[in-house]
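So that you can see what the record holds, here are the features copied from TrEMBL:
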- 95-323: domain 'ABC transmembrane type-1' (DOMAIN)
- 12-30: transmembrane segment (TRANSMEM)
- 101-122: transmembrane segment (TRANSMEM)
- 134-156: transmembrane segment (TRANSMEM)
- 196-216: transmembrane segment (TRANSMEM)
- 254-280: transmembrane segment (TRANSMEM)
- 300-326: transmembrane segment (TRANSMEM)
Amino acid sequence: MINFLLGRIGSALITVFGASILAFVVLRAVPTNPARLIAGPFANDEVIAAITTQLGLNKPLVVQYFDYVVSFFSGDWGFSYSAGQPVLSQIVQRLPASAELALYAFAFAFVGAVLLTVLVSFLKSKWLDGLLRLFSFISVGIPPFWLALLFLMVFFEQLGWFPGPVGRGPAPADIRTGFYTFDYLLAGNLTGFSTAFHHLALPALALALGPLGYLVRLLRANLLDVVSEPFVTVLHAKGVAPISTHFQHILPNAFLPTLTAGGLILAQLLGGSVLVERIFVWPGIGTLVIDGILRQDYAVVQAFIMLSAIIYIGVNLLVDILYGYVDPRVRRS
């Protein structure tokens, strides 16, 4: 188990190293001089030279990269000249909004996939199974931003069931977690919870539909593989009730391979859903990075690349460790 953990951690560190190089190169590859952007269009050469020295942009690239890595992991993620505050402060302010949206989207996708797949597999209806396969095929290919626009047009403009692109809604009086729905529940404010949930339902569903279709396809394939295993035939021969065989033996074995896919989907959602957040004016990391690109605030973009990579790698590492703990065959391999 120790060798397994060391191998996974080593792979994660190598990937983080590659992501740090990518983030570093992005800022240096843009044609605009960061010092000139910070100084403004009317700054003279002396001011630009002073800012260049202050940022260390006149040092060799290797030294700049080393300084960047040390600064990043010591909490200095750069300074946003457009917002006039450190990038890390901006991300800390925006992260709860993105995380709440991502967790709800993941919950919608995972719970929906489990319910649909279990229902269809238990009923053994060819018509329902064909309908489920068609749904999974279509949903995987629809871009989330297109769904976001469609949902707004139908459920906001036409039916008026959900609020429009106005962000998260009113903030709780006492913010403890940064997740509005959780904070309202902790305060015992069910009306506030309903309002917060109402605001995040459409963007979460827009993000969830693609992962839902993918998880449905994966779970269905896993169920078909497990059903054909010899131990299922043995259970039927022993007279074990079909319901018991299905829920106690077939489903747990089919869910296990879904751990990795679920972890990758969650990491992708946590990394920020840029276009969907922008469409719904959701005050998360995705909106922050688009604003950074439009304003040429590349320190924000650089930090976003690193943060997304760390989240993706961290969640994937946790899933690998959990998978290895649950399934000894993975550790041996």
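Backbone N, Cα and C define each Cβ position, glycine as well.
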Range from 101-122, 196-216, 300-326 with the greatest count of C-beta pairs under 8 A to the transmembrane segment (134-156): 196-216
Remote residues contacting the transmembrane segment (196-216) - C-beta distance under 8 A, at least 6 residues beyond either end: 100-102, 104-106, 108-110, 112-113, 116-117, 132, 135-140, 142, 144-145, 147-148, 151-152, 155-156, 162-163, 166-169, 172, 180-181, 184, 258, 261-262, 265, 269, 273, 276-277, 279-280, 282
Contact set, same chain, for the transmembrane segment (12-30): CB under 8 Å, 6 or more residues outside the stretch: 61, 64-65, 68-69, 72, 296, 298-299, 301-303, 305-306, 309-310, 313-314, 316-317
Intrachain neighbours beyond the transmembrane segment (101-122), with Cβ under 8 angstroms and 6 or more residues off its ends: 128-129, 132, 179, 181, 200-201, 203-205, 207-209, 211-212, 215-216, 219-220, 223, 246, 251, 255, 262, 265-266, 269-270, 273, 277, 282, 284
Long-range neighbours of the transmembrane segment (254-280), counting only residues six or more past its ends (CB under 8 A): 98-99, 101-103, 105-106, 109-110, 114, 144-145, 148-149, 152, 165, 167, 202-203, 206-207, 211, 214-215, 218-219, 222-223, 225-226, 286-287, 289-290, 304, 307-308, 311-316, 318-320, 322-323, 326-327
